[in-house]
Amino acid sequence: MLETTCVKQLTDRQTQFGNTRKLDLSECIFVFKGSQSDYEEPLSDEEVDLKPLREATIAVPTPKISEKRKAEEADASKDLKKAKLETKALKAKRPGFTDERYNETSYYVENGLRKVYPYYFTFTTFTKGRWVGEKILEVFAREFRAHPAEEYERCIRAGTLTVNYQKVDVDYRLRHNDLLANVVHRHEVPVTSEPITVIHMDEDVVVVNKPASIPVHPCGRYRHNTVVFILAKEYNLKNLRTIHRLDRLTSGILLFGRTPKKARQMEHQIRNRQVHKQYVCRVEGEFPEEEVVCSEPIEVVSYKIGVCKVSEKGKDCVTRFKRLSYNGKSSVVLCKPQTGRMHQIRVHLQYLGYPVVNDPLYNHVVFGPEKGKGGNIGKTDQELVRDLISIHNAENWLGMDGDSEMSLFKPKLDIEERVSLSNDKDGSSPSSTPGLGEEEQQQQQEQSLKVTVGTQTGSEPPDSSFTNDKMTVDPHCYECKVKYRDPKPSDLVMYLHAWRYCGPGWEYETPLPAWAASDWTEEDR
């Protein structure tokens with residue numbers, strides 16, 4: 001009875017192409033086999049006995065297939081094969097880190113910030129399984145919420161949002177292996193203009209001191225404003241292989257391999273915990289004098305927004321802490337992570353009740369009145385993510401002059417007006433840092449004379465002054481209509497620094513940042 005019922009249900013199965021049709025029994029057999037419990041080990045080709053299956057098919061007559069349906073199935077099969085065959089060719093067209101990509105745009109420095117001239121960029125992605133059969137407009141409106149549905153509809157009709165590099169209708173339904181490409185006028189977030197300094201460089205490795213606020217590699221709204229792109233564009237250090245990563249706001253030691261062999265070797269050392277890492281940070285309050293070891297497991301709450309918490313369901317990790325100094329309000333702490341979990345030092349310090357002084361994520365009441373001390377958050381993961389997104393949107397540097405929500409849609413100042421205002425302000429040039437006294441400016445100049453990547457490679461960066469001709473404006477670009485507010489200095493630094501890395505036969509160390517000095521006070525910020 002069970003076998004008869006299954007066959008009856010399977011003969012009216014909906015296909016992946018949307019049309020309901022009857023299946024022959026051989027199709028039913030394979031569908032039925034695929035629907036069995038997945039805990040069973042699959043049989044090898046030698047173990048499969050097809051004789052019972054052949055005997056089963058004799059008892060059931062095969063339904064006749066109309067000529068029309070045969071033609072439809074042939075066309076559908078042909079389309080599916082064509083999509084699979086074209087996948088490799090489509091992949092070859094996807095953007096990569098080539099000279100063409102490096103030359104898409106350039107930098108300029110304004111108010112102590114490295115900025116990128118807006119440029120046109122093609123985002124590409126292959127259709128995900130859950131999108132198959134859905135309308136392209138519905139997918140973009142739901143999955144990519146950076147813009148309203150009306151904007152995506154305009155892009156589809158204009159042909160800047162394509163499928164397999166072909167213009168489609170707004171009602172087009174996505175298929176397997178469809179390559180979606182969306183051409184946008186891209187605006188990147190500014191980062192500090194502080195130079196990247198070299199710690200060590202030879203034919204195998206490059207070791208730099210990463211300034212805070214610069215991501216290591218392209219992510220989110222950062223692409224050219226990343227360490228990888230800056231080193232390639234300005235110092236001709238291309239094809240570097242990332243050995244490890246640092247958070248965007250974390251400064252300090254960053255290792256790159258110049259050869260695949262060296263990169264694999266150092267990655268292996270890090271994976272096998274042969275590399276000893278030392279970080280310094282400044283935390284709130286008086287940290288205990290004795291060494292503190294935190295071994296609480298850490299779980300990723302959301303990869304999408306990048307947030308973690310201490311949880312029994314998390315992965316094992318250990319961090320050792322030792323206080324170096326205390327100034328009456330905050331403590332400088334030496335951190336020795338024994339493992340390499342995401343945000344490990346920051347999450348463990350939050351759990352201990354001594355968060356990093358200016359950690360915008362883990363030193364926040366969004367984690368509860370005690371800011372997550374002892375793992376006491378008082379809300380579900382879903383509620384935490386929701387509140388974090390809400391706070392991020394409210395406190396984001398992308399803002400306006402007034403408090404009105406509608407001021408987000410004010411047109412930007414004309415380029416000429418922007419340049420005039422920035423040049424006239426305090427009689428300074430766009431590349432100068434406002435508010436610095438004569439002595440501070442001299443110190444800044446001395447700092448810039450330190451060994452940079454350029455002095456090591458013999459390739460100095462091009463002129464970074466603002467050039468009106470390089471600024472592009474797109475009448476359909478949402479961000480071109482937004483008036484930007486530059487981030488505050490406090491938004492660009494977090495008091496966490498990767499100080500020293502040492503492995504088998506090698507050791508690299510950076511100078512300590514100013515905030516790590518024992519006599520540093522909050523007034524020095």
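In case you wondered, yes, glycine gets a Cβ from its N, Cα and C as well.
Note that TrEMBL annotation is computational and uncurated.
Summarising model confidence by region, the domain 'Pseudouridine synthase RsuA/RluA-like' (204-350) averages a pLDDT of 95. Per TrEMBL, domain 'Pseudouridine synthase RsuA/RluA-like' is recorded for 204-350.
Annotation comment: TrEMBL describes Asp247 as active site. Sequence-distant neighbours of Asp247 (active site) (same chain, 6+ apart, CB under 8 A from its CB) are His343, Arg346, Met494, Leu496.
Feature annotation from TrEMBL assigns region 'Disordered' to 420-471.
For 448-470, the entry in TrEMBL reads compositional bias 'Polar residues'.
Secondary structure by DSSP for the domain 'Pseudouridine synthase RsuA/RluA-like' (204-350): 28 helix, 55 strand, 64 coil.
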